[in-house]
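Now, the feature entries from Swiss-Prot:
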DOMAIN    8-290  domain 'tr-type G'
BINDING   17-24, 88-92, 142-145  GTP binding site
């Protein structure tokens with residue numbers, strides 16, 4: 001089967017934003033205007049197509065990244081049919097893992113901002129993630145019909161707070177309840193949408209006289225930005241002071257793909273104004289898969305030699321699995337992005353991350369939660385495979401003969417944990433299955449068993465994250481469970497260097513056990529992680545036993561000496577030891593290393609580390625004193641305060657343990673008028689009184 005849409009007419013685009021910027025509503029309008037839905041779904045009545053999980057419709061927020069494919073020919077049908085694969089990403093900070101996974105496989109993103117709130121905490125988090133993957137962006141300032149809306153103020157915030165380079169491609173005609181339309185700065189025409197047909201049609205008029213001067217000024221800035229794309233455009237602009245419409249578009253596209261600028265648009269998705277222009281912008285300014293660098297990877301059977309795959313159907317097949325989901329009707333869905341080659345239903349692929357062969361049975365294209373069965377996928381496609389057994393998020397699927405491992409995704413460590421207990425014996429078995437499936441879907445969610453109490457512990461990125469997990473167990477897997485109070489995931493670290501030795505010897509007739517190690521245990525910089533160094537000389541410990549030493553150390557650092565929390569940022573060097581020709585084996589050296597580390601860490605002045613959260617509170621000014629006083633009581637440190645259209649924004653760092661129940665306290669303190677967000681920032685040493693209390697409680 002030949003390719004239907006040429007690769008240069010593909011756009012893989014993410015819609016990303018802060019919670020409540022109107023991201024899902026924007027996506028809904030895109031689906032309406034591209035003909036994927038015939039009825040508008042509204043978030044506030046729980047009918048949005050892209051928010052397909054029950055919890056999403058109940059809470060009015062997006063949790064999982066729903067993927068959908070649509071086609072667009074332009075507002076004036078001026079383009080060939082373009083295929084746009086859209087991923088709608090969650091805006092809540094507890095679900096940044098979903099954003100991270102989406103950005104990894106996208107070629108471009110549309111950042112949606114609220115015209116009133118502007119750059120909010122989560123905008124900064126998502127922006128950093130997009131910078132990490134070098135994703136080109138366009139911006140859409142939504143909710144221009146709301147009180148306090150100001151398009152150019154938000155553009156300025158993107159510059160000052162996010163370090164972006166926004167280039168307005170439009171200016172708004174009116175704002176708040178008087179928002180009527182936009183002025184297109186390329187054609188210098190005013191666009192007004194028809195409210196009678198939900199904005200499906202529009203008309204252009206002359207620019208209102210009072211906006212002519214501002215439009216000319218902003219147009220000049222836009223042309224300057226386009227001219228910077230290359231020497232030819234700059235030369236023409238300097239000579240003639242003008243560029244043609246096509247040259248402006250060429251320059252803006254080039255600068256956007258290089259992530260030099262962010263073309264900015266505005267509108268009101270809810271009032272059906274401005275969304276079609278954003279679709280046109282995706283086609284004109286966002287990269288196709290051909291505009292993006294070849295995907296890098298390693299040849300796993302050639303000692304990490306670097307390899308790459310160019311985009312194209314005639315290249316060997318390579319794809320990245322970026323999400324696992326459980327569908328109530330078909331079971332496991334593995335979402336993947338195809339970077340090169342062609343894959344047909346029934347083909348075998350090699351999972352190079354796991355070293356396993358998989359058969360691709362059925363494949364589907366997703367439209368939110370509706371499935372359309374397809375027979376093949378090609379370079380540039382985003383699709384889902386049904387029923388793959390051993391694939392996890394971040395795995396590479398590739399050609400059986402031409403193996404490659406694409407870049408791995410990095411996932412954050414959980415910072416909060418809860419104990420969950422099934423209510424009945426029947427629930428016990430179901431809970432195990434449910435948690436296994438949920439953990440497979442979400443790498444930032446972990447399940448473990450407390451060795452002493454036997455309790456099942458679930459850990460995640462925040463209270464809402466774990467709330468939703470528990471909620472899904474009840475709704476999707478019919479598991480009733482009791483939930484314990486949230487527990488903070490502390491860490492342990494050493495503060496001084498220690499050298500220590502341990503001899504493990506059991507020799508009482510017959511074959512015994514013998515392992516003897518000398519370890520140098522040193523603290524590392526925060527965030528450096530674990531490092532193992534082998535300095536054995538002269539074979540005092542045979543080479544084959546050194547991996548067992550490393551394994552013993554790694555197992556021991558999972559359970560620290562103060563309160564059983566993982567030990568972080570530690571460097572361990574094995575530099576001496578001894579062995580016995582008959583009695584030494586891997587197990588003996590593993591035990592010796594484990595015991596040596598445990599004793600050594602106790603001598604290295606260990607300390608407890610607690611997670612610190614970056615907290616941002618938006619509050620009316622008259623409550624500011626109360627809010628700051630409360631942050632101080634919670635051992636928080638205020639780092640900045642900024643004016644906002646509705647009051648003050650306070651930035652602080654607060655220990656996670658002090659933030660439990662904060663939502664209710666803030667609500668009652670400000671009569672429900674303040675809002676906050678928080679995300680994990682770093683681990684720092686807990687004060688002695690706090691550490692003593694935690695250690696005493698856990699060692700009872």
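Cβ coordinates come from backbone N, Cα and C, glycine included.
Positions of the features from Swiss-Prot, shown on the structure.
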residue: 17; record: GTP binding site; CB count, 10 Å: 29
residue: 20; record: GTP binding site; CB count, 10 Å: 18
residue: 89; record: GTP binding site; CB count, 10 Å: 27
residue: 144; record: GTP binding site; CB count, 10 Å: 30
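The DSSP secondary structure for residue 17 (GTP binding site) is strand. Mean pLDDT across the domain 'tr-type G' (8-290) comes to 84 in this model. According to DSSP, residue 89 (GTP binding site) is assigned to coil rather than to any helix or strand.
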